[in-house]
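*Asks:* Sending over a structure as structure tokens; questions will come in a sec.
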Amino acid sequence: MNRRRLHRLFSSSTSTATTRSSIPSPAAIPIPHFSLPDLRPQDLDFVAIAHSHLLHSDWPRLTALASALTPLRANHLLLKVHRDPILSVELYNRILLQNPSSQSLDTHAIILHILTKSRKFISAESLLRKTLIPQTLTSSSDLFDAILHSYRLCDSTPNVFDSLFKTYAHLKKFRNATETFHRMRDHGFLPTVRSCNAFLSSLLNHGRNDIVISFYREMKRCRISPNVFTLNMVLCALCGLGRLEKAMDELEKMEIMGISPNVASFNTMIAGYCKKGLLSSALKLKNGMLGKGLEPNVITFNTLIHQFCVEGKMHGANRIYREMKVAEVSPNTVTFNTLIAGYCQENNGEMGFRVYEEMVKNGVEVDILTYNSLILGLCNEGKTRKAAHLVRELDRGKLVPNASTYFALITGQCKKQNSERALEIYKVMKMSGCHPNAETFNLLISTFVKNKDFEGAAEVLKEMLERWMVPGKVLLTKLFDGLHLSGKRHLVNELLSDVNGGRFVSRVLSE
């Protein structure tokens with residue numbers, strides 16, 4: 001379902017529901033009374049015999065009867081034992097699941113009622129995931145109707161609808177979850193806040209911040225009381241949308257609502273301010289945490305250190321790092337990697353290695369990102385031999401070079417204008433299964449052009465075009481001018497007629 005439709009669904013509600021799971025509203029659509037079709041005499045006899053075997057746990061005889069089980073017989077048999085969840089589930093697993101011809105959507109709905117009424121929610125969600133939802137891929141209506149029609153028959157509880165909504169949320173089936181939510185509300189039911197949180201979390205993980213806000217408004221209209229996890233996700237969505245003032249309003253309202261903000265609440269806001277480059281506001285929030293009796297954790301400090309590093313303010317990053325140690329918060333791999341990358345980006349490889357040594361001394365796990373930052377720092381300084389030595393150390397740490405490792409090494413050779421060596425590393429990169437990005441290609445082409453090796457640059461451009469990438473106009477113009485001046489016009493024609501990317505080259509040049 002697209003975002004506009006989700007917004008429309010959530011903004012059109014007029015519900016005045018007041019409770020978590022059931023809304024005794026006159027506007028609610030009554031739950032229909034439904035009964036199974038009557039059994040014929042031979043069916044009655046069959047169900048009576050099967051029921052007797054079931055009560056005596058005579059599974060061999062039940063198995064012998066299984067081939068004659070129809071969906072109608074199976075449903076009647078399940079209803080006879082539905083007040084005994086253990087026996088019902090055993091019948092379903094040992095007999096019905098082994099005989100597909102004995103099952104119908106109603107059969108599965110009945111066992112779902114039994115599971116949720118006995119609070120076996122994990123089993124219920126497993127049934128929905130593996131069997132019911134795959135059977136009703138095109139529409140959630142058939143499944144909802146089957147559950148609704150057998151609701152009174154099984155003397156069920158609202159938990160059954162809550163499980164359905166939550167499972168759709170976990171599976172990230174947003175359209176089905178939305179439809180289920182509205183049909184639940186129409187019939188006088190609401191999901192639990194925990195299930196609403198599952199839906200919000202899935203939306204948030206898919207970057208649908210606007211829908212998170214819309215659904216939260218719907219929760220408030222339905223008077224579903226949020227908890228701190230709900231509101232933290234709302235803060236995250238608002239920060240993701242750049243609505244920091246509104247997010248601060250929500251943070252301040254939490255205590256009025258009787259919900260105490262936690263460390264995660266403040267971390268979310270700090271990250272939001274840092275993303276906008278508002279370090280001073282982020283630092284005020286960090287200090288404000290202490291006034292609320294909350295201690296900043298490793299995520300708080302890492303977020304601030306990262307932003308200082310992004311802005312090239314390494315003194316500030318180091319100050320936060322010292323605060324972290326004073327607060328007895330143990331730095332982790334992310335902390336050290338952030339500092340190392342920050343120093344190396346400022347061409348201060350010496351400090352980067354000092355941080356690395358402290359990292360090792362503290363027994364903090366070193367990963368490929370650690371090495372990549374150090375290698376890039378050395379390569380930027382032209383220390384390619386030291387960088388090659390670090391690459392050899394990767395084997396000892398059981399780490400595998402990735403695209404960033406090779407890019408760093410290529411950068412080092414390009415800084416030395418050693419285009420041939422850079423090309424060799426590029427070939428090793430491809431053989432290792434790593435995929436070069438546009439920045440790698442641009443660097444290689446630029447170095448070849450600077451060395452006036454226009455033929456080499458053209459070869460790299462061909463490979464770039466094969467991956468549906470093309471350099472910018474300035475670099476492309478320099479290359480084509482060089483090819484013309486060096487008498488390589490045939491290569492210009494080849495590139496312009498290239499089946500993979502000639503049209504992209506022409507388009508960039510004509511801009």
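Even glycines carry a Cβ here, placed using N, Cα and C.
TrEMBL lists 157-191, 192-226, 227-261, 262-296, 297-331, 332-366, 367-401, 402-436, 437-471 with the feature repeat 'PPR'.
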*Asks:* Residue list, the repeat 'PPR' (262-296) vs rest of chain: Cβ under 8 Å, 6 or more residues beyond ends.
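*Replies:* Same-chain contacts beyond the ends: 228, 231-232, 235-236, 238-240, 242, 244, 247-248, 251, 254, 303-304, 306-308, 311, 316, 327, 329.
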*Asks:* Over the span of the repeat 'PPR' (332-366), how high is the average pLDDT in this prediction?
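*Replies:* Across the repeat 'PPR' (332-366), the average pLDDT comes out at 96.
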*Asks:* State the non-local partners of the repeat 'PPR' (297-331) in its own chain: residues 6+ outside its ends, Cβ under 8 Å from one of its Cβ atoms.
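*Replies:* For the repeat 'PPR' (297-331), the sequence-distant neighbours (Cβ-Cβ under 8 Å, at least 6 residues beyond its ends) are 263, 266-267, 270-271, 274, 277, 279, 282-283, 286, 289, 338-339, 341-343, 345-346, 348, 351, 362, 364.
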*Asks:* Tally of helix, strand and coil residues over the repeat 'PPR' (367-401) according to DSSP?
*Replies:* 26 helix, 0 strand, 9 coil
*Asks:* What is the number of residues in the repeat 'PPR' (402-436) that are helix, strand and coil, as DSSP sees it?
*Replies:* 26 helix, 0 strand, 9 coil
